[in-house]
Amino acid sequence: MQYEDENGVNEPSRRRLLKGIGALALAGSCPVAHAQKTQSAPGTLSPDARNEKQPFYGEHQAGILTPQQAAMMLVAFDVLASDKADLERLFRLLTQRFAFLTQGGAAPETPNPRLPPLDSGILGGYIAPDNLTITLSVGHSLFDERFGLAPQMPKKLQKMTRFPNDSLDAALCHGDVLLQICANTQDTVIHALRDIIKHTPDLLSVRWKREGFISDHAARSKGKETPINLLGFKDGTANPDSQNAKLMQKVVWVTADQQEPAWTIGGSYQAVRLIQFRVEFWDRTPLKEQQTIFGRDKQTGAPLGMLHEHDVPDYASDPEGKVIALDSHIRLANPRTAESESSLMLRRGYSYSLGVTNSGQLDMGLLFVCYQHDLEKGFLTVQKRLNGEALEEYVKPIGGGYFFALPGVKDANDYLGSALLRV
């Protein structure tokens with residue numbers, strides 16, 4: 001394991017190596033033009049979740065306010081594009097692939113069996129939308145000297161540095177771009193990733209990948225049921241209402257009054273943290289201690305001393321923390337003061353399970369993702385309040401990064417990142 005230092009790893013040499021590999025892959029791939037001949041879609045398809053779809057065009061990207069789907073993947077890439085024109089080609093191509101994959105259609109037929117197939121085939125002859133969303137974000141490193149974009153970097157975007165409890169693996173950190181791919185089923189998520197990689201061999205190289213999940217019944221509730229994390233507690237109870245457009249404008253979206261570059265309006269700062277849980281240790285911890293650490297009842301999700309999950313804790317009547325400890329997770333994360341109102345963020349986390357670590361412990365945890373209009377006021381402020389909390393004994397952040405989720409695609413003539421690249 002290579003640990004991340006404050007200055008990061010040597011990126012230019014890595015990119016030069018990957019560009020050579022990508023060029024070889026492109027030389028052996030099939031031209032996209034061969035996809036003109038396609039199979040006909042089946043005449044009937046059972047009216048189930050496979051036909052569910054999210055709008056692709058709009059002011060904002062899907063996958064941020066969208067109710068959480070059951071399956072999720074985070075994939076960070078190094079960009080191999082050599083100049084700004086190449087980067088535009090990449091963003092146009094990604095937009096085309098996202099538009100097709102999220103809306104569904106017939107899988108392309110391979111015109112010559114001696115050539116590689118144009119589709120992986122894992123979804124069969126018809127690619128159902130399956131509630132797929134693909135959200136594109138850009139990292140701090142995309143605004144280096146390669147594309148001349150430095151003056152247009154979002155003002156609060158920065159490289160993720162280590163917090164006191166972090167044990168960051170350099171191989172699991174950062175990225176020029178990040179895809180958050182979500183759908184009702186895992187095979188749709190995997191199909192989307194393979195399609196994107198197949199179409200961009202000379203433009204993208206995978207840097208790191210993690211797959212996550214929430215329970216099917218939580219996903220089917222469309223946000224009405226809070227997912228439970230692998231520590232056994234509800235995760236996201238205190239989220240602001242994503243259906244409240246006025247509130248989301250205040251919490252999630254960058255707006256014109258923030259003195260950000262004009263192209264960022266309608267986008268959102270994204271914080272990603274890969275957090276490993278010490279589940280064996282946690283499972284041997286008394287229930288009372290677990291609940292004290294979180295500040296919530298494990299079964300109901302209610303704040304301690306209250307009855308219902310969404311009851312608002314009354315910290316003013318508990319100044320000494322006799323009911324909800326002063327260092328409990330919920331009290332530190334959101335002390336519910338006038339000052340903490342500005343640090344609200346929209347969480348969209350998923351559990352992960354990867355097997356076992358080198359020490360023989362279960363490799364399980366949380367893919368923490370949150371969106372906010374200001375990274376410093378949102379995630380960074382909250383995380384600083386959480387430094388030293390009792391929960392740190394059971395969790396260990398090992399990777400992730402800070403990104404900016406691009407504004408949406410207006411129509412079929414537009415593409416992701418167009419306002420950025422046209423400056």
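The backbone N, Cα and C atoms fix where each Cβ goes, and this holds for glycine too.
Look at Swiss-Prot and you will find G236, T237, A238, H329, N334, P335, R336, R347 tagged as heme b binding site, backed by similarity to another entry. DSSP assigns R347 (heme b binding site) to a strand in the three-state reduction. Note on R347 (heme b binding site): other Cβ atoms within 10 Å of its Cβ, all shown chains, come to 19.
The signal peptide annotation in Swiss-Prot covers 1-35.
Neighbour count (other Cβ atoms within 10 Å of the Cβ, all protein chains): 18 for A238 (heme b binding site). Fewest other C-beta atoms within 10 angstroms, among the binding-site residues G236, P335, are seen around P335.
Shown are the binding-site residues H329, R336; of these, the residue with the fewest other Cβ atoms within 10 Å is R336.
Once the Cα atoms of G236, T237, A238, H329, N334, P335, R336, R347, the listed binders of heme b, are compared pairwise, the greatest separation found is 17 Å.
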